[in-house]
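Listed in TrEMBL for this protein:
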TRANSMEM  24-42  transmembrane segment
TRANSMEM  54-71  transmembrane segment
TRANSMEM  83-101  transmembrane segment
TRANSMEM  107-124  transmembrane segment
TRANSMEM  145-169  transmembrane segment
TRANSMEM  181-202  transmembrane segment
TRANSMEM  231-250  transmembrane segment
TRANSMEM  280-302  transmembrane segment
TRANSMEM  309-329  transmembrane segment
TRANSMEM  335-360  transmembrane segment
TRANSMEM  404-422  transmembrane segment
């Protein structure tokens with residue numbers, strides 16, 4: 001993160017209180033992310049699409065967030081990040097409207113994936129511009145002060161999509177049919193995002209990028225090459241990358257197949273929940289449990305230090321695997337029991353996920369390109385998630401649900417062994433973290449988003 005203390009200052013044309021624009025900026029960011037990465041898979045399952053196709057293609061969509069660090073430097077050439085943000089929010093609204101049409105077509109799956117591809121890359125690019133605008137418009141003290149608002153409204157969009165609109169979709173499916181229900185949901189989302197974009201066109205600070213006015217395509221490409229080269233030449237980077245990828249190997253599979261297993265009919269080995277029931281268990285109690293686990297995981301690691309805490313954080317990441325292994329074996333029908341299990345799953349996930357964020361901050365990012373290397377590290381982390389997500393459907397179809405979730409338990413073991421061979425900073429040798437990443441450490445925004 002660069003601030004006015006280190007670079008030529010940005011020029012703010014009109015200054016408003018950050019409270020008037022930070023919430024809508026990050027609510028719009030989360031809205032698009034959760035539609036692509038969470039809602040789309042559940043929608044396709046409701047429409048009868050096979051698990052392997054859902055996992056494979058939604059995984060491909062997630063590559064947008066894995067690779068966004070590679071084109072983020074080029075956005076520094078833009079004179080106004082506000083213009084990019086607003087344009088991409090309107091693009092997202094148009095994409096959601098097109099998605100409402102796509103689900104009505106005979107070849108709805110292919111058409112929807114094509115539209116979601118547009119949404120994914122527009123959303124990932126919007127993320128870059130959002131964070132860039134936030135950093136350019138606020139000084140370091142204000143950035144820290146409003147970091148909580150960032151995370152709160154990013155997650156508010158998750159409450160809306162999973163806890164609100166998913167429940168509404170479930171009710172509409174029963175009255176107007178699955179395809180019509182989801183068309184209505186995407187029309188609502190399109191109108192909402194367009195309204196936010198119109199508001200942000202007025203509310204966002206008109207910060208002009210004067211600090212990078214001399215950037216050219218050649219200079220940005222050269223800097224990007226230096227950043228990537230320096231990242232790959234770090235001592236022990238090969239083992240570090242393997243550790244990052246293995247850390248999420250089980251998570252990518254469980255987070256993809258778990259909700260599909262819950263929607264699957266009981267005679268097919270699933271739990272037979274309805275769409276609105278999924279919204280209730282994941283969008284409310286599950287989200288709150290994730291946030292609580294993330295916050296406690298951050299304090300726990302601060303207390304012990306990352307090196308001593310890592311073993312327990314990895315165990316936390318294994319909790320979802322064990323929970324779903326039990327659910328697939330016991331197959332409870334009581335929604336309260338299932339909701340409690342999901343809360344335990346999401347608490348463990350939130351608690352453990354802090355470990356990887358802090359590992360990237362403290363072990364991978366430090367150096368002369370600290371912020372850029374943090375972005376690359378989270379890109380690698382997202383890539384590990386996407387790779388396991390992409391193949392999870394094929395593995396599940398081959399093994400069945402019960403054996404699949406036992407397989408994910410085994411997938412969590414290699415990273416436990418590898419932690420003894422990678423350098424994990426302790427309390428005394430942990431370096432300063434990437435300054436624009438602190439919000440990720442408490443689970444407010446998923447890294448890579």
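Using the three backbone atoms N, Cα and C, a Cβ is placed for every residue, glycine included.
Taking residue pairs at least 6 apart in sequence, the transmembrane segment (145-169) and the transmembrane segment (335-360) share fewer than three C-beta contacts under 8 angstroms. It is 107-124 that, among the stretches 107-124, 145-169, 181-202, 231-250, 404-422, forms the most Cβ pairs under 8 Å with the transmembrane segment (54-71).
Here the transmembrane segment (309-329) does not touch the transmembrane segment (181-202). Their Cβ atoms form fewer than 3 pairs under 8 Å, with each pair 6 or more residues apart. Of the candidate ranges 24-42, 83-101, 145-169, 231-250, 280-302, 231-250 has the most C-beta pairs within less than 8 angstroms of the transmembrane segment (404-422). Counting Cβ pairs closer than 8 Å and at least 6 residues apart in sequence, the transmembrane segment (107-124) and the transmembrane segment (83-101) reach three or more and so form a contact. Beyond the ends of the transmembrane segment (280-302), by six or more residues, the same chain brings 155, 158-159, 161-164, 166-167, 259, 262, 273, 309, 312-313, 316, 335, 338-339, 342-355, 358, 441-444 to within a C-beta distance below 8 angstroms of the stretch.
Long-range contacts of the transmembrane segment (83-101) within its own chain (CB-CB distance under 8 A, at least 6 residues past either end) are made by residues 25, 28, 31-32, 35, 75, 112, 115-116, 118-119, 122-123, 125-126, 129-130, 133, 182-187, 189-191, 193-194, 196-197, 200-201, 204. Sequence-distant neighbours of the transmembrane segment (145-169) (same chain, 6+ residues past either end, Cβ-Cβ under 8 Å): 18-19, 22-31, 33-35, 38-39, 42-43, 46, 134, 138, 181-182, 185, 188-189, 275-276, 278-280, 282-284, 286-287, 291, 438-439, 442-445, 449.
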